[in-house]
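According to Swiss-Prot:
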type: BINDING; residues: THR55, ILE56, GLY57, GLY58, ASN59, GLY60, LYS61, THR62; note: ATP binding site
Amino acid sequence: MFDRIWFKSSFFYLFLLPFSWLYGVISTLNRISYQYGWRKVYRFSVPIIIIGNLTIGGNGKTPMVLWLVEHLKRRGWKVGVISRGYKGKSNNYPIIINMNSHSEECGDEPMLIWKRTGVSVAVSPKRADAVAALLRKQELDIIISDDGLQHYALFRDIEWVIVNSVLRFGNGCWLPAGPMRERINRLHTVQAIIANGSEVGIQSGEVLMQLFPIAVVNILTGERKPLYFLNNVVAIAGIGYPTQFFDTLRSYGIIPIRSISFSDHHVYSEKMLTSLTKKDEILLMTEKDAVKCIDFAHDNWWYVHTEVKINKIDTHNLLSMVENKIRYYKGSRYNVQ
C-alpha cells in the first residue's frame, strides 16, 4: 500500500503529512544534536565508511558493501563490516558472526556479507559498540557500515548514498507520507551518489552500479551452474523490491512458473517453502533469502549469485577515495576520543 502512495500519483499521502512533519522535526533535531555536540559522537582509530540511503527499503546497499569489501581485500587491506542486523533478535550485543551464528540472531544481510567475503562482521543496534568489538578482535585498516547513514552517534569519514535509479525518491516526503528518511538536500553532504539500476533516470555526477546474475547455486550442495541450467522455476523474493528480481530473471531467459513476493527480511520455514513447489519444480530465490534457509534446505532449492558492475573510471575514483583515507589514518597520529 505504501509503495503506491510513495511512488505513484496518489492523494492519500496528504492524510499522512502531519505525521511526516513530526518525523521531520524529530529527525532534524536528532541530527543537529550530534552536529552541535549536545550528544556524544564516537570516533575510532580507523576510517569509517557508511554505505546507506535516504529512503526506506532496499536500494542495493549490501551488494555495494560486498563490492567494496572484495575490491579492498584484493588490494591487501584488512576490512571489517558492521551492521544494525535489522530483524535479528539477540539478548547479547555486539555479535561477531562465526560458524555458530544464525541469521535469526544477527540478521540476514550481515550473515550474507560474512559468508560471501569471510571478513569480520559485527552486529549491534549501537554501531559504535560493533566497531569497538571488531577492533578488540583484530587490527583493521577500515570498517564499512552497511546502512547507518542516519546513525549520527558514529563518526564517519566517507558517506556513499545508494539510490534506486528508477524509483528515485518517490514523492519526496518524509515518512510515512513518503519514503524519505532525510530530505534530498542531504545528498549535498555525501562523497558519492551511486545509482542502482539502469542508465535511465541517472543524474549528472552519479555513479552507475548494476547487478548482474552470474550463476545459480544449489543451497544444499553449493553446486554452481549457468543461469540457463534451470527449468520449471518457482521464484521467490523477500527483498525491498521483489519485482526487480523477477524482472531480472526474465531478462536472462528464466521465465518462472510462479513468482511469489514476501516482505523484506521475511522469516521462512521449511514447511512454508516446501509447500511452494510441486514435483520436478525448482525453488529459486535471492542470495539474501538463501542464507536464512541453509539449515533446512532441500536439493531443489537454488539461489542466484549476483555481482555489482561499475565502470573502470568510477571504480578507480571510488577506490582511490577510500584508499586515500586509509593512508591518511595510517600516516597520522590519531587520538581516539
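Using N, Cα and C of the backbone, Cβ positions are placed for all residues, glycine too.
Structure with Swiss-Prot features highlighted.
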{"residue": "THR55", "record": "ATP binding site", "CB count, 10 Å": "25"}
{"residue": "ILE56", "record": "ATP binding site", "CB count, 10 Å": "17"}
{"residue": "GLY57", "record": "ATP binding site", "CB count, 10 Å": "16"}
{"residue": "GLY58", "record": "ATP binding site", "CB count, 10 Å": "21"}
{"residue": "ASN59", "record": "ATP binding site", "CB count, 10 Å": "26"}
{"residue": "GLY60", "record": "ATP binding site", "CB count, 10 Å": "26"}
{"residue": "LYS61", "record": "ATP binding site", "CB count, 10 Å": "25"}
{"residue": "THR62", "record": "ATP binding site", "CB count, 10 Å": "24"}
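For the recorded site, THR55 (ATP binding site), the DSSP three-state label reads strand.
Within 8 Å of the centroid defined by the CB atoms of THR55, ILE56, GLY57, GLY58, ASN59, GLY60, LYS61, THR62, the record's ATP site, lie the Cβ atoms of ASN53, ILE162, ASN164, GLY240, excluding the listed residues themselves.
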